[in-house]
Each structure stands twice: as structure tokens, then as C-alpha cells.
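Asks: Below you'll find the structure I mean.
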Amino acid sequence: MELSDILASFHASNLIPEGIVACTILLVLLLDLVYSRTCHAWLAWVAMAGLSLASVLLGQQWYQLMNLPTATMTFGGSFQADSLSLVFRAIIAMSCVLCILLSIDYVESTGTAPSEFLVLIATASLGGMLVAGSNDLLMMFVSLETLGLASYLLTGYMKRDVRSNEASLKYLLVGAASSGLFLYGISWMYGISGGHMELNSIAHAIVSLDETKTTTCALALVLMTVGVGFKVAAAPFHQWTPDVYQGSPTPVVAFLSVGSKAAGFILAVRMCTTLFPSFNTEWHLIFTILSILSMIVGNFIAVTQTSLKRMLGYSSVGQAGVMMIGMLTDSPDGYASLIVYLLIYLFMNLGAFACVILFGLRTGTDQIQDYSGLLARDPFLALCLSLCLLSLGGIPPLAGFFGKMYLFLAAWDAGQYSLVWVGLITSVVSIYYYLSVVKIMLVPATQEMSLAVREYPRRAWSLEPIQPLEVGIFVCVLGSILVGVAGNSMVNLMTITMSQAPSLGV
């Protein structure tokens with residue numbers, strides 16, 4: 001076989017988007033080395049351009065795959081570029097683009113070098129994209145650790161901030177423990193399967209195991225679920241979430257809440273549908289428990305929080321439980337609803353964090369009571385934050401309502417009645433704490449303004465001067481509205497996409 005034939009057999013073109021992200025990382029490092037401080041103003045735009053190009057190419061690959069099915073296995077089966085992976089890789093890349101846009105003003109205000117932040121967040125995005133397509137145990141673990149290590153460094157980006165250092169240490173310790181358990185689980189699967197690395201090969205090898213080895217496989221499933229639960233911030237593996245969310249730089253928290261969560265969910269889907277299809281009952285039971293626990297713990301504890309970042313942290317735990325409902329339906333409709341809700345969540349959650357960043361830059365606080373009377377000082381910020389929070393709560397006619405509706409309908413059709421009822425009840429609880437923040441912001445009485453808002457610079461409705469952060473807020477709010485309006489069409493499109501994903505087997 002000639003070299004050209006060998007290279008063609010790798011189907012390396014499927015990894016061009018990841019190659020572009022890697023080249024973008026190297027370009028940012030090179031520009032910072034050559035031009036130093038003179039390039040700081042436009043380094044972020046270079047990084048966003050590279051990640052945006054990767055997103056566009058992923059969209060093009062998805063379109064080609066839908067119209068003309070091609071080989072999706074890359075590098076000897078270690079990477080699978082099927083329709084499922086293409087969608088999740090695009091979501092992770094888009095979340096990174098938006099997080100960089102939201103971070104420009106924040107990083108500038110700290111006086112730190114933007115190149116470090118950009119390289120780390122792009123590396124985390126690259127790791128997440130590789131997780132989305134990983135099809136063997138080695139690729140899965142290395143990609144997951146690429147995402148994890150970059151995330152640990154991002155949480156400690158503010159080196160002189162004690163809270164940031166504390167958050168980074170907690171995240172590192174809990175992450176290392178969960179990674180160790182995950183690695184222990186995949187090592188068991190490697191041994192039991194007779195030395196296979198590819199997920200499909202392992203799945204075929206464990207179908208006809210004796211009772212002892214079947215029990216070992218079930219234990220491996222539990223161990224690997226711990227690693228997944230950590231990534232998606234699901235209860236009871238959520239203990240790191242509130243402290244890391246409160247102590248880390250807010251743009252980093254925004255990425256962890258969407259990009260890392262998306263990578264965790266595609267990992268869970270790959271693990272359950274490709275690696276453990278013969279343990280369908282077991283993984284359904286495990287993730288049903290995680291879903292119910294996450295929705296109850298996340299939403300009820302969020303009610304008691306006084307910090308908006310901590311509240312959003314516990315909210316993300318509850319949202320993880322809601323997203324698991326889509327996975328537990330084990331149908332194209334359910335997976336499609338999960339993807340559409342994740343896309344809606346991307347915009348509304350990043351929009352909420354963008355508003356927190358902007359308010360924090362102008363006041364230096366993230367306490368909920370300090371938002372009191374914000375409408376009188378900054379109507380744009382108050383309105384945008386209100387829309388994002390109400391959408392997260394699932395208030396109609398906002399996008400979050402339609403996202404949850406599609407998930408609950410798919411679950412109801414699949415017979416998951418208990419999950420739907422728990423989801424509905426905890427959604428009502430979430431509406432309470434989201435509305436409490438909105439009420440605080442919209443009180444008209446001047447005497448009820450917090451000290452932070454009284455000293456807040458009055459902002460008029462104008463386009464000049466407009467900051468990148470304000471552009472990001474507008475994009476997130478607009479994105480959540482548009483996805484909500486086109487929700488039914490997107491669910492239908494994603495249902496067709498998921499039905500063509502061979503790894504799902506649905």
C-alpha cells in the first residue's frame with residue numbers, strides 16, 4: 001500500500017476543524033511572542049476568528065454528511081466524526097467563541113496577559129471537541145484530561161486572587177479524584193474485553209461474559225459515571241460547583257457551565273449507547289437517579305443562595321438533571337431535544353453570566369441584593385439579565401420554555417413519567433428564585449436601591465460607546481430568542497440528524 005493510500009485511509013479531513021483550533025492556539029502564542037503587548041488588543045479577535053472558522057467547517061461537514069453519507073471513522077477508528085459528534089463539537093466551539101467575546105473587557109480590566117487566557121480556553125475547547133468524537137478508551141481519556149487540565153488552569157487564572165486560587169485547588173483535587181476513578185473504570189473494561197480499545201469492539205466482547213465479569217462491567221460503568229457526573233456537575237458529584245463558580249473568573253465559569261457540560265454529555269451518550277448497550281437497564285437506572293437528585297438538590301439549594309454566581313452554580317446542577325431526561329428517553333426525539341435545549345442553554349446561560357460580568361466590572365460585587373433597583377440605572381442590563389433568567393426558569397414564551405417542553409414531551413412519549421413530574425415540580429421551584437432576582441432588579445422605588453446601584457454610572461439607551469461585552473450580551477439574548485422561535489424546526493432537523501448517527505443505535 002502506498003503512502004497516499006495510507007493517509008487516505010485515515011480520513012484526516014474529518015479532523016480539519018480541530019486542526020484549525022490547534023493552529024489558532026499556536027498562532028496566538030506566536031503573535032504574543034513576536035509582537036508582545038502591541039498585539040493584545042486584537043489577539044482575542046484572532047482566536048475568535050479561528051474558532052468561528054472551525055464552527056463553520058463543522059456545519060459544512062454536517063451538511064455534507066446529511067446529503068452524502070461518507071466514512072466517519074478517523075485514524076483507525078479512534079475518532080468518529082458522525083452527525084452526533086459534529087453537532088456537539090460545533091456547540092463546544094461556539095461556546096468558546098462567545099466566552100472569548102465576553103472575556104475581552106474582563107481580561108483588560110485585570111491587567112493580565114490575554115494570550116494565556118486565550119490559549120487555555122482554546123485548549124479546553126479543543127479537548128472538548130476531541131472528547132465529542134472519541135471512539136476508543138485512550139482517545140477518550142487523553143481528550144478528557146486535555147479539557148480538564150486546561151480548565152484547572154483557567155480557574156486559577158487570577159493568580160493574585162485568593163478566591164481564584166482556592167477554587168482552582170478545589171477543582172483540581174476533585175477533578176483528579178474523578179479522573180482517577182474514570183481511568184480505573186476504563187482499565188477494567190480494557191482488561192475484561194481482552195485488550196480491546198475501540199468502543200464497539202469492547203461492546204461486542206462483553207455481550208457474552210459470565211456472571212462474575214458482568215458484575216465487574218457494572219462496577220466499571222459506575223466508576224466511569226463518576227467521571228461523567230463530575231464534568232456535567234450532576235448531584236452528588238456537584239460539590240465543587242458552587243465554590244468554583246464563585247471563586248473563578250466569571251468568563252471561565254461561563255465556559256465551564258456550557259462547554260465542559262456539553263463535553264460531559266456527549267461522553268455520557270457515547271459511553272452508554274456505544275460502550276454499554278448491553279447494560280441498558282443498569283445505565284438507565286444510574287442516570288435516572290442522578291437526574292432526579294440533580295433536579296431536586298440543585299434547585300432547592302439555589303433558593304437559599306445570596307450570591308448570584310453561586311445561585312447560577314446550583315442552577316446548573318438542576319439544569320444538568322433536566323438535560324439527562326433527554327438522554328434517558330433513548331430515542332431520536334429525546335437526543336434531538338437534548339441538543340436543542342443545550343443550544344438554548346448556551347445562549348441564555350452565557351447571557352446571564354455576561355450580565356454578571358458587566359455588573360461586576362462596574363460595581364465589584366455579585367451579591368443578589370446589590371442588584372436592587374438596577375432598572376433605573378441601566379435598563380439594558382436589567383432587561384437582558386431578566387430575559388436570560390426567566391428563560392432559564394422556563395417562562396413562556398421565552399426559549400427556555402420551549403426547550404423544556406420538547407424534553408418533557410419526548411420523555412412522556414418514552415414512558416418516563418416520574419422524570420417529567422420531578423422536572424415540572426423543580427422547574428416551578430427554579431422560577432421562584434429566578435423571579436426573586438428579577439423582582440429585586442425591577443423595583444422602582446429609589447430608596448430601595450442598593451449602595452452598589454446608587455453609585456452605579458447611569459446608562460442611557462445608546463449605541464455609543466459600545467463594549468464587546470455588551471455586544472456579547474445582545475448576541476446571547478438574540479440567539480436564545482431565535483432558537484426558541486425556530487425550536488420546532490430545529491427539533492425536527494436534529495431528530496433526522498440523530499436517526500443517522502450509527503453510534504446511537506436508535
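Heads up, residue numbers simply count up from 1 along the chain you see.
Quick reminder: no glycine exception, Cβ is built from N, Cα and C everywhere.
The structure displayed is predicted, hence computed values, not measured ones.
For reference, Swiss-Prot lists these features for the protein:
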- 15-35: transmembrane segment (TRANSMEM)
- 39-59: transmembrane segment (TRANSMEM)
- 84-104: transmembrane segment (TRANSMEM)
- 113-133: transmembrane segment (TRANSMEM)
- 137-157: transmembrane segment (TRANSMEM)
- 217-237: transmembrane segment (TRANSMEM)
- 249-269: transmembrane segment (TRANSMEM)
- 283-303: transmembrane segment (TRANSMEM)
- 339-359: transmembrane segment (TRANSMEM)
- 382-402: transmembrane segment (TRANSMEM)
- 418-438: transmembrane segment (TRANSMEM)
- 471-491: transmembrane segment (TRANSMEM)
Asks: So which residues does the transmembrane segment (249-269) touch in its own chain, when a touch means Cβ under 8 Å and the partner is 6 or more beyond its ends?
Replies: 84-85, 88, 91-92, 95-96, 98-100, 102-103, 106-107, 110, 117, 121, 124-125, 127-128, 131-132, 134, 140, 144, 147, 151, 154-155, 157-158, 164, 225, 227-228, 230-233, 287, 309, 312-313, 316, 320, 323, 327, 335, 338, 342, 345-346, 349-350, 353-354, 356-357, 360, 366, 504
Asks: Taking the transmembrane segment (39-59) as the reference, which of 84-104, 418-438, 471-491 gives the largest number of Cβ pairs under 8 angstroms?
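Replies: Comparing 84-104, 418-438, 471-491 against the transmembrane segment (39-59), the winner is 84-104.
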Asks: Could you name the stretch, out of 15-35, 84-104, 113-133, 471-491, with the greatest number of CB pairs under 8 A to the transmembrane segment (339-359)?
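Replies: Out of the listed stretches, 471-491 contacts the transmembrane segment (339-359) most.
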Asks: Can you work out which residues elsewhere in the same chain, 6+ from the ends of the transmembrane segment (283-303), have a Cβ less than 8 Å from its Cβ atoms?
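Replies: Beyond its ends, the transmembrane segment (283-303) has Cβ neighbours at 221-222, 225, 229, 234-236, 238, 268, 271-272, 276, 311, 314-322, 324-325, 327-328, 330, 416, 418-419, 422-423, 426-427, 429-430, 432-433.
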Asks: Look at every Cβ pair spanning the transmembrane segment (15-35) and the transmembrane segment (113-133), keep those 6 or more apart in sequence, and say whether at least 3 of them are under 8 Å.
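Replies: With 3 or more qualifying Cβ pairs, these stretches touch.
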Asks: If we call contact 3 or more Cβ pairs under 8 Å (sequence gap 6 or more), are the transmembrane segment (84-104) and the transmembrane segment (137-157) touching?
Replies: no
Asks: Which of 217-237, 418-438, 471-491 shares the most C-beta pairs under 8 angstroms with the transmembrane segment (382-402)?
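Replies: The stretch I would name here is 471-491.
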Asks: List, by number or range, the same-chain residues at least 6 past the transmembrane segment (471-491) whose CB is under 8 A from its CB atoms?
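Replies: For the transmembrane segment (471-491), the list is 98, 101-102, 333, 336-337, 340, 343-344, 346-348, 350-351, 354-355, 358, 380-381, 384, 387-388, 391, 397-403, 406.
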